[in-house]
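S.K.: Swiss-Prot lists 31-38, 110-114, 165-168 with the feature GTP binding site, giving sequence analysis as the kind of evidence. Residues or ranges marked as domain 'tr-type G' by Swiss-Prot: 22-237. Annotation comment: Swiss-Prot describes 31-38 as region 'G1'. Summarising the annotation, Swiss-Prot assigns region 'G2' to 89-93 and lists similarity to another entry as the type of evidence. The region 'G3' feature in Swiss-Prot is assigned to 110-113. Swiss-Prot lists 165-168 with the feature region 'G4', giving similarity to another entry as the kind of evidence.
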């Protein structure tokens, strides 16, 4: 592990190029109340030199007023930003923090441990690549620990760092550590995790967080940060079929027409055959345009403008996908919901469903079952209350293009929006695509379009800000 150097060390241009090209890992911290999630993130920020002098001064002042570490600096206050959190010593909202090393950039979400904030945790986990599940070494696995392991599994996170915290308070006992690891592995066996990496640490003292600790001579593996630097990122998304929801149609003049968006999965190159959903029109990629020039290939996570060889009618909400594995068109979905609204969800409820860049009307046709968030077992249900997880069938007012969530997290997820308040009511994961009651359009191709680039300086400046490759 190396902490990133200052820009003065080797020049600003080189510094910017180095950090622009680094991979980004999004991860969440979760666990029971007072397991030390916020302290762990504070330690990562502190020991990777991400805190400015004025923040240190403010932290020392706040530690005297709100701290829980006696006379010592309370690193948790770097993350617990709400007044209610500081006064209660708990995390309520999802707090996002950013930091980087020479090897990788990180976006970390500190998610709440209380049951009543399950919806907040689901929000933080929905975009994460990895979960850091904290366990207090004194208490071992708790009901909340198991609940969070199940939730991150349901949300498609396949890699877990089991951070057994406060090991200094149990004398760095190897027996205690191994007992917790064994219990977690037994519970997580049916949860389909591809990797569980157990790390003993002390977030308060910094042992095995950024730098190796010296107290546990029996632990010879890497500290937490080194694991976060080395774990594979987005490997499943890169291997998945190409998908790009259209954010806007880029047509600055009559000679140029392209479709701009963020590639959700897979990769694409000029000459590749693609299908535009929901129209079913087919074409090939003529150009991959960015403000910095054309690309020979673009992949997951890049914002680009795709120019097609044919004049295809598409707008915001459409999805461009590889013709080898097109999306399914449907107006009915079986969805697993993480219900966040205070009012109960019952059959007949009318909401908006936002899928990618498209928003449609959705009616709850049926509520089938509720999932116990501690055991994963399903039971019959006719409604969902706040923080419930359940399976429902949605009927939409028109066809949309989707994948099952197990195949693609981006094109297989949605949010439900309350039509009266416009509040987010639920996070939804597509479990099964129900056969559509409408006839899907036949794939067709159209008139060849011009692939000549736009030459406007103003356009290029705008593209560099918004859709630079």
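Note: Cβ is positioned from N, Cα and C throughout, glycine not excepted.
Describe the structural surroundings of these features, if you would.
M.R.: Classification of residue 37 (GTP binding site) by DSSP places it within a helix. Counting every protein chain shown, 32 other Cβ atoms lie within 10 Å of the Cβ of residue 37 (GTP binding site).
In the predicted model, residues of the region 'G2' (89-93) average a pLDDT of 47.
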S.K.: In DSSP terms, helix, strand or coil for residue 31 (GTP binding site)?
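M.R.: For residue 31 (GTP binding site) - judged by DSSP and reduced to three states - the answer is strand.
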S.K.: Go ahead and report the DSSP secondary structure tallies for the region 'G4' (165-168): helix first, then strand, then coil.
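M.R.: Counting residues by DSSP class gives 2 helix, 1 strand, 1 coil.
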